[in-house]
Structures are given as C-alpha cells and as structure tokens.
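Q: Once you've had a glance at the structure underneath, I'll fire off some questions.
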C-alpha cells in the first residue's frame with residue numbers, strides 16, 4: 001500500500017537526523033527523490049540498512065517492514081526497531097549513502113493516550129485565532145480522524161485541523177489526534193500530540209530563524225576552520241527543533257570526541273541553550289584542514305521546527321593575497337621610501353589583528369603555558385550579586401554558557417565555586433585556596449555585582465591578583481556599565497585591555513569576537529574538540545540539580 005504522492009513528499013520527508021515514534025504505531029522513513037539526481041542517468045538499486053553491533057545489516061522485507069523505493073514503512077513500529085538506519089544507491093560498482101537516521105521507538109504509556117516525551121508545545125495569546133494540525137503521516141482523505149483533549153473525545157471533531165476562532169485560557173490542554181489507517185485488511189493508527197498553552201499575556205512566539213546570513217569565509221588551504229550555526233527558536237523550547245549541517249546535500253560524519261580519530265570534517269552534537277527568556281540551538285562543523293575541494297562545496301545549515309525550514313549557506317574562499325613586487329629596476333630611493341611604509345603597515349596589522357595572530361600562533365605551535373606550573377585550574381570565576389534582585393540571565397550565562405564554551409570547545413578547566421567546592425568548608429579559606437590554584441581570575445561584572453556581605457572575599461582575591469601578582473584578572477562586562485563607582489578602587493588598576501564585553505546574541509557564536517578576546521586573555525593551551533564535556537547533556541529549561549548555595553552572604557557562580 002503506497003500512501004504518498006510526489007506533491008506531499010517534501011513535507012513528509014524532513015531531513016532531520018533523529019526521529020522519535022511511539023511503539024505500536026504506523027511510521028516510515030523516507031528521503032527526497034531530489035537527493036538521487038546524480039543517479040538518473042544510470043541503473044541503480046536502493047538498499048536499506050540497519051546498524052547491528054557496529055555493522056550495517058541489509059534490511060529484509062517482512063509483512064511488518066516494507067520498503068518502497070525511497071520509503072521504508074513499519075506496520076507497526078516496535079521497540080526493537082530503535083537504532084541507526086541508512087539508505088544507499090548501488091550502481092553495481094559502488095554504494096552511495098544518501099541519508100542516515102537515528103530512530104527512537106518510545107514505549108507507549110499504558111495508562112494514558114500519549115507519551116509526555118513525545119509531544120510538542122505551542123504557546124498562544126488569549127483572544128487570538130489558532131489551528132492545531134494533525135499528523136501528516138497519511139494523506140488519504142478517507143482515513144478516520146479523531147481528536148482528544150486530555151485523553152477524552154473532543155466535541156466529535158474529525159477534521160485534520162482543529163480550528164479555534166478565539167482562544168481562551170480554558171482551551172489550554174493536551175490535544176491528541178488519532179488517524180486510523182487500513183492496510184491489507186488490518187487497521188493501524190498514528191497519533192500526534194500537542195500541548196496547547198493559552199496565556200492572557202503570553203510572550204510573542206518569535207520568528208524561527210538562523211542567526212546570521214549566508215556568508216563567505218576567507219581561509220587558506222591547510223587551515224583549520226570551525227563553522228558555527230545557531231538557530232533562534234523563540235520564547236519556548238520547541239521539542240521537535242532540529243539543526244544540522246549538510247555538505248553538498250549530504251550529511252557529514254559525527255565527531256567522536258577523540259581528536260586523533262576524528263574524520264577530516266565532522267559535526268558536533270546539537271546543543272540547546274537559553275539566554276534570558278530566549279531559546280537557541282547551536283551546532284559546530286569542524287574542518288581539520290581546508291582542502292581545495294572544500295572551496296567548491298556548499299556548507300548548508302538547516303533549521304527545522306513546526307513544519308518550517310530555515311537555511312544558511314556558508315562557502316569558503318581563498319583569502320586575497322598580494323603579489324610581491326617583481327620589477328628589479330626599483331631604485332635605492334624607492335626602497336628607502338617603501339621600507340618604512342611596509343614596516344608601518346606590518347606594525348599596524350599586528351596591532352589591529354594581534355588577537356587573531358596570537359590565537360593562530362598558539363594553534364600552529366600547540367603552545368601550552370599551563371604545563372608544569374603547579375596550578376590546577378585555568379580560571380576561577382567570580383560572580384557576585386545582590387540577593388534582593390537576582391538576575392536570572394546573568395546566572396544562566398555564568399552557569400551554562402561560559403563553561404559550555406570554554407570547557408567543552410577549548411579544553412579549559414574552570415573552578416566553579418558552587419560546582420567544585422564541597423559544602424561545609426570555611427568560605428574565606430576556600431576562596432583563597434582556589435584562587436591560588438587558578439591561573440586567571442574571571443570576574444563577571446554588572447550593576448548587581450557588589451554585595452556588602454561579599455566585599456571582604458572580593459578584596460582578598462584582588463589582593464592576590466594585583467599585589468602578589470600570582471593571578472591575572474579578566475573582567476567580563478556582562479551588561480553596559482555607565483558608572484563604575486560601585487566597584488572596589490583596586491579594580492581601577494586593571495588595564496582596560498583586560499575587559500571583555502558581552503553583546504548578547506552577537507557574542508553567542510563560538511567564533512565571535514567575544515570568545516576570541518576571552519581566549520586571548522586565557523593561558524595558551526592546545527585546543528581540544530571535546531563533545532563529551534561537563535555540559536554536553538545540557539537541556540536548557542529542564543529541571544535539574546541546582547548548584548550549592550549557602551544563603552545570600554556569598555554567591556560565586558560560573
């Protein structure tokens with residue numbers, strides 16, 4: 001039974017790499033026929049594979065699992081179907097992998113009509129109109145459709161879309177659409193569950209978008225490049241959001257976390273994060289050494305959520321190089337004039353691009369300033385705030401974003417007081433001890449920075465940094481500060497070049513000027529691509545263990 005037509009194929013076959021489905025339901029994997037354009041001129045066969053014990057095993061058709069060209073159908077899906085799938089085209093000489101998926105078959109909740117891990121959330125304003133859409137797994141008009149609200153039949157609705165002319169708070173609830181599909185004399189079903197939240201004054205949904213525009217990056221053959229793609233999801237986390245890279249419409253390999261075993265180009269795991277009340281997803285594409293072939297590739301970042309797709313294309317191009325003078329008739333006077341001009345230009349370039357030059361030098365020479373210095377941490381991070389008016393954005397920046405980038409992407413080890421110091425010790429002694437063990441002291445500044453209870457500990461840390469010269473200080477200006485009178489006088493002794501300014505979304509990409517300046521001030525250390533770091537499984541917005549706090553007398557967080 002073939003349920004699909006070409007007009008619906010693009011909508012039915014999203015390019016997401018990881019898919020969740022409930023056990024006992026009809027489901028399929030498929031790829032766009034446009035992805036097989038390279039094979040139109042020759043005969044080929046389509047083969048579907050499932051990974052078993054690390055090896056690709058050809059899928060044999062049964063009454064339950066049926067392959068129909070670019071579709072692999074499950075009548076129905078079972079828990080044992082979970083795993084990694086791929087589809088290949090073979091011309092008799094070579095196999096070409098067209099697409100890969102990870103299928104997660106979730107156990108059905110026997111006491112409910114839905115699984116809480118398999119639903120999407122939509123937040124809307126009261127007083128507006130809205131429609132909930134049923135699953136697109138079937139396009140047959142004769143299929144029977146039933147809507148449920150909180151697992152109870154909802155007003156005998158049988159249409160594919162559930163329309164609300166004017167939403168009220170009472171419309172909030174969990175809606176499940178159930179489609180009955182007939183196949184070879186048996187009835188199967190597929191469900192789609194949506195959690196609708198109607199608020200009197202809900203935040204704007206926000207536009208799904210990729211941060212930044214299509215761009216061309218200047219680079220050189222043999223140089224390492226890290227391409228960043230960040231997607232803005234809006235003001236709530238979309239569970240179905242998918243962000244991934246394609247290289248000439250093909251999926252890259254995944255990074256393993258072991259630098260010496262990494263492929264030439266690999267994609268890191270997707271990370272979710274929250275900045276204030278905004279939600280983002282981000283992923284990196286790591287190119288070990290740029291080749292001439294890479295200069296002719298399209299690196300495409302795809303963002304999918306709520307049946308919408310955004311795209312960003314990144315291309316690499318060779319940097320402009322200036323030919324050296326080839327005329328040999330240049331007189332001594334011309335050389336005398338040219339030499340100082342060149343010297344001035346070189347000095348100017350070194351001053352303007354010193355950060356990029358230093359980072360490039362560290363990367364090439366694998367310089368390590370931390371070896372054998374007896375220090376345990378690369379930086380101690382101080383984040384003090386007034387307990388009467390805490391700022392959640394600053395806390396999330398310190399606790400999640402800062403360590404996620406520095407520890408996971410660049411291999412630094414931070415001392416986070418609430419994370420790394422065991423409860424029960426003397427706070428002042430702990431502060432002194434851990435600053436002594438750190439190569440840098442990072443202070444996150446804002447108008448809420450100083451509290452009377454913590455001034456003694458802060459001054460002690462500054463004494464070790466400015467007087468004893470054992471530790472260097474880095475200031476992160478999290479929010480613009482017009483009046484510095486609230487800061488300790490001793491901070492005025494710090495050179496202005498050791499102040500790094502955070503500019504919200506503009507500073508978010510890992511290759512932004514903010515992270516380059518921060519790395520420049522950190523000790524030189526060989527970069528390690530690490531996808532298994534401390535915050536690799538960060539799920540922003542989910543409840544989890546909160547860091548240790550001991551009242552409001554002292555708050556140091558990272």
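We count from 1, first residue shown onward.
Placed from the backbone N, Cα and C atoms, the Cβ positions cover glycine too.
What TrEMBL says about a protein is an automatic prediction, not a curated fact.
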Q: For the annotation transmembrane segment in TrEMBL, which listed range does it cover: 302-327, 328-353, 354-379, 380-405?
A: 328-353
Q: Do you know the mean pLDDT across the domain 'TIR' (375-522)?
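A: So the average pLDDT across the domain 'TIR' (375-522) works out to 74.
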Q: For the domain 'Ig-like' (127-179), give the DSSP counts of helix residues, strand residues and coil residues.
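A: Once the DSSP states are binned, the domain 'Ig-like' (127-179) shows 3 helix, 23 strand, 27 coil.
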Q: Could you give me three numbers for the domain 'Ig-like' (14-104), the DSSP helix, strand and coil residue counts?
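A: So the domain 'Ig-like' (14-104) is made up of 10 helix, 47 strand, 34 coil.
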